[in-house]
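Annotated features in Swiss-Prot:
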- 1-19: signal peptide (SIGNAL)
- ASN28: N-linked glycosylation site (CARBOHYD)
- ASN38: N-linked glycosylation site (CARBOHYD)
- THR50, SER51, GLU71, ALA72, HIS137, TYR138, MET139, VAL140, ALA581, PRO592, GLN593: FAD binding site (BINDING)
- ASN180: N-linked glycosylation site (CARBOHYD)
- ASN187: N-linked glycosylation site (CARBOHYD)
- ASN240: N-linked glycosylation site (CARBOHYD)
- ASN272: N-linked glycosylation site (CARBOHYD)
- ASN409: N-linked glycosylation site (CARBOHYD)
- ASN471: N-linked glycosylation site (CARBOHYD)
- HIS547: active site, proton acceptor (ACT_SITE)
Amino acid sequence: MRHTALLPLVSSFIVPALAQIPGQTTVNATVNQGRFGNATYDYVIVGGGTSGLAIAARLAEDPSLSVAVIEAGGYYELDGTVASIIPGLAAGANVGTDATEYSTVDWNFQAQPLTSANDRSLRYNRGKTLGGSSARHYMVYQRGTRGSYDQWAELTGDESWGWDSVFPYFQRSVNVTPANMTGRFPNTTVTYDPSGFNKAGGPLHVTWPNYGSPWSTWIEQGLEAIGILPDTDFNTGTLNGSSWAPITINPLSQKRDSSETSFLQQSLKTTNLTVYLHTMALKIGFDGTTASSVDVRSPVGRFTLSARREIIVSAGALQSPQLLMVSGIGPRETLERHGIPVVKELAGVGQKMWEHPFFGITHQVNLVTATELAINQQALLQALNQYKSQQGPLTSAGFGVLGWEKLPNSTLSDSTNEALATFPSDWPTIEYLSIDGYLNGWHSAADQATGNGQQWGTIAVALVAPLSRGNVTISSSDMDDPPVFDLGFLTHPADREIAVAAMRRIRQAFAAISEITIGDEVVPGADVSTDEELLDFIRESIVPVYHVAGTCAMGREDDPEAVVDPQARVIGVNNLRVVDASIFPTLPPGHPQSTCYMVAEKIADLIKKGN
């Protein structure tokens with residue numbers, strides 16, 4: 001039985017109430033809207049997403065500079081549903097991986113069939129809105145390990161990308177508010193290291209929701225029973241243990257905080273930043289090998305935006321390489337196949353794609369989880385009433401506790417250990433996620449109403465040291481044609497072995513909290529027991545965490561696979577940078593929004609200093 005009629009109820013009930021919530025950002029619908037027609041700016045930024053709005057806002061702080069942002073979408077608060085705003089409805093906002101799923105604030109891309117996962121083709125979330133994917137994800141804010149960024153320094157030949165050097169840029173973007181324990185249960189106490197943050201940081205808010213789910217408290221116990229200790233910190237360079245996850249929400253309103261509600265809204269109050277809404281970047285124009293303009297299409301027609309100084313591409317890890325390729329930068333064979341004149345041959349464009357896949361185990365449980373909101377209208381009404389006072393389960397994004405573990409070498413084969421040796425020693429192998437509901441592949445939000453009134457609890461794992469790589473390419477010279485991308489899940493044998501080992505670890509954690517489970521394991525089921533059976537289940541249920549990165553990788557200029565240099569400048573051309581997750585040399589363990597902001601802060605600082 002599935003209950004799918006509750007979201008309209010949410011909209012009709014909560015929309016009038018949003019205006020009453022303190023700390024709400026008023027949407028500035030004019031956003032210093034650029035006039036549709038040819039224009040020239042000092043900096044033209046393609047993409048108003050996580051990194052794009054951050055770097056735009058920082059550059060616009062200089063009153064002598066003119067800065068324009070090209071964004072294909074609009075405001076998610078206006079174009080989307082309230083599920084984009086309320087953390088507890090994020091699952092409904094994100095929709096699922098089925099091809100029939102659709103969001104008005106998303107590109108709704110479809111990945112190529114997964115050759116090592118039963119040829120499943122998954123719909124893939126990418127924000128088509130101001131804020132980009134910071135308006136779409138589950139808001140987790142945590143940083144990678146010290147070693148992961150020190151490895152960036154090694155790969156780029158630039159020590160300024162090491163942990164000690166990038167740490168201040170992490171701090172610059174955010175301000176942290178300690179958890180308000182008034183509405184949280186006593187056993188949901190938050191522990192963190194304040195030294196990870198700076199009181200002068202901002203404008204992005206980081207805090208903890210005013211609700212900690214009972215399910216997550218049990219996950220914390222289960223993880224501790226298998227050696228994953230609680231009360232660790234996620235933002236000072238170590239990921240080893242579990243804790244309540246900090247998320248990017250406004251501490252007063254308990255609403256999502258994105259690059260739009262933070263960086264853009266602050267910038268609109270103090271600068272002359274110009275934003276072109278619902279405007280599609282079609283092609284970068286060059287004078288020889290110097291980037292000079294961007295051809296765009298708006299609701300009223302096509303025109304050209306020229307840049308006196310630089311064009312900065314921040315279109316995300318799928319569309320930044322796509323835009324480079326349709327503009328003449330990329331693998332020669334690809335460009336020539338589509339009749340695109342070669343401006344600069346760069347074989348690495350679109351290659352070395354990283355992503356974190358995840359899957360998990362679900363049990364029926366004897367406590368109330370977020371499942372109740374999907375199957376019980378009265379419970380949802382009660383939660384909505386609580387949310388009007390910034391309390392209750394809708395302040396939380398459907399999870400609470402995250403955990404990290406580096407699997408012992410003794411549990412893995414020599415070949416897998418050898419493959420994992422390419423990662424720094426402090427890099428965890430897997431991340432545990434406490435999901436307050438049902439998971440068996442992420443088909444749609446209606447998954448949460450599976451069954452006949454049961455309460456579900458899931459422990460999921462993400463492979464955060466993946467060895468499989470994907471790629472993205474183009475099908476034509478037209479940006480209107482979606483990018484063609486292969487996530488590459490499970491193509492490396494080490495990932496398959498680690499995935500099976502992770503499933504067995506989840507079962508050990510569940511065994512330690514058996515007093516709250518009802519009956520046998522539901523997903524995948526107790527009869528799925530051999531390595532082969534577990535791997536078959538993983539192939540059929542593995543889904544992305546939407547952390548795609550690395551497709552315009554940063555590296556040394558003599559690295560044949562590098563696309564940008566350590567200053568994010570596209571190699572071999574002038575006045576063109578890429579600033580988003582596509583330039584990550586590796587994808588640090590965990591959730592990348594913190595690193596997207598850090599990269600934007602660092603490159604903005606370099607530009608301001610004349611580099």
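Backbone N, Cα and C define each Cβ position, glycine as well.
Source: prediction; values computed, not measured.
Shown on the structure are the features that Swiss-Prot records.
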| residue | record | Cβ within 10 Å |
| --- | --- | --- |
| THR50 | FAD binding site | 32 |
| MET139 | FAD binding site | 23 |
| ASN180 | N-linked glycosylation site | 19 |
| ASN240 | N-linked glycosylation site | 14 |
| ASN272 | N-linked glycosylation site | 12 |
| ASN409 | N-linked glycosylation site | 12 |
| ASN471 | N-linked glycosylation site | 18 |
| HIS547 | active site, proton acceptor | 24 |
| ALA581 | FAD binding site | 28 |
| GLN593 | FAD binding site | 28 |
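A distance of 9 Å separates the Cα atom of the residue listed as 'active site, proton acceptor' from that of ALA581 (FAD binding site). Around the Cβ of GLU71 (FAD binding site), the same chain contributes GLY47, GLY48, GLY52, THR129, LEU130, VAL275, TYR276, LEU277, HIS278, THR279, each under 8 angstroms and 6 or more positions distant in sequence. Under the three-state DSSP scheme, the residue listed as 'active site, proton acceptor' falls in the coil class. Closest by Cα distance to ASN272 (N-linked glycosylation site), from the recorded positions ASN38, ASN180, ASN471, GLN593, is ASN38. Of all the glycosylation sites in the list ASN38, ASN240, ASN471, the shortest Cα-Cα distance to MET139 (FAD binding site) is found for ASN240. Neighbour count (other Cβ atoms within 10 Å of the Cβ, all protein chains): 11 for ASN38 (N-linked glycosylation site).
Counting only same-chain residues at least 6 apart in sequence, those with a Cβ under 8 Å from the Cβ of ASN187 (N-linked glycosylation site) are GLY212, THR217. GLU71 (FAD binding site) falls outside any helix or strand according to DSSP and counts as coil. Shown in sequence order, ALA90, ASN94, ASN125, TYR546, HIS591, GLN593 are the residues of the chain, 6+ apart in sequence, with a C-beta less than 8 angstroms from the C-beta of HIS137 (FAD binding site). Between ALA581 (FAD binding site) and ASN409 (N-linked glycosylation site), the C-alpha separation comes to 30 Å. Geometry remark: ASN471 (N-linked glycosylation site) versus ASN409 (N-linked glycosylation site), CA distance 29 Å.
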